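Asker: Annotation comment: TrEMBL describes A:18, A:45, A:138 as active site. Residues or ranges marked as domain 'CheB-type methylesterase' by TrEMBL: A:13-195.
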């Protein structure tokens, strides 16, 4: 089991979650180090129209810059980008963000699979992805792609996730992976800071 | 390479589309149509006219909705169209209209403001087959509940179902709505300005273009927009960073700009 990135350097972190993931994010964010030197992309399923709410909630819990992702914006270290409701988020070669209003994937837009896959093709073995609580299988295919490119796969412990289905599917189908309880996640993420 | 073939063989230029999106569309189509090899896929696109038609339909995104982003339509209804209503004649361009949902939404607004009879909506798209659908004004019945909710949220007070008749799994929108629409192919990448408008709607099209191409298209719109005309973009698109953005004033918090 790969315990760390093969190159030891994290160039981007993507966190995907659905039902039950908000509590985890609210738990993680206050403990994130201000020294985080890679961009964090957040893809969560939620209803269109409540965009600013999640951004505001997280903003108040960290001194990292949290913003809803803008189209063609460049990913910067120490910034948190939230995939806007109703758009898929993709990453370009030059590390800018593309938004895409194409068909839903796994009944979801934004889809976690889409962002995991796109980020994996760009950041390859310097990518870390975390899949949190949720009740559908979005994210599982994406994690397979992350593994294919030698990125690092972290999954919330299904036994302690409020919705076990999504992380459990990932645990069953994606190998290798690391299972983490939510209270350990912030520490793990801070440990990805590189010199 | 594949996109070079498409340009050479068919004259469609996708080279300045956002790489990640178009690559995903191509990969998706390739696996959807189960080709034996990528070379075969590429050959079919290059040489098979019928298949190229499908390619064009599938790699462009044709997902759209009626009254998408209700607050946007509310602003059109309350801020923009009443101003245009003072003109003797209203010309509107819906660029990248896909299957026509936005053009029909707009026609409904114009009708409710008693402006439809002096308006003309030019609805264009790169893709001839979606225009065929748009002309018919028929949409799947199962989407109508959502459209109707959007309509109400956008400030519509009529009975939404009075605008269409249901026929099995499809609904057909009233012909008075598309009697004021002109459908035509137009490629934002390669075609020129063809008229002057008071309102241009181009929503969720530019997100698929790279920055340079976006700026070229803004210039095209600028050349196609009358002074004091309005330009409306998608909820995540913006005129910011375009050289002539200073000549435009944003309306409220919506993605609507007025040319000064």
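Each residue, glycine too, has its Cβ placed from N, Cα and C.
Nobody curates TrEMBL annotations by hand; they come from automatic prediction.
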Asker: Calculate the distance in Å between the alpha carbons (Cα) of residue A:18 (active site) and residue A:45 (active site), and round it to a whole number.
Answerer: 5
Asker: Where does the mean pLDDT land for the domain 'CheB-type methylesterase' (A:13-195)?
Answerer: 95
Asker: As a test of the contact definition, list every same-chain residue at least 6 positions from residue A:45 (active site) whose Cβ is closer than 8 Å to its Cβ.
Answerer: A:17, A:18, A:19, A:108, A:110, A:112, A:134, A:138
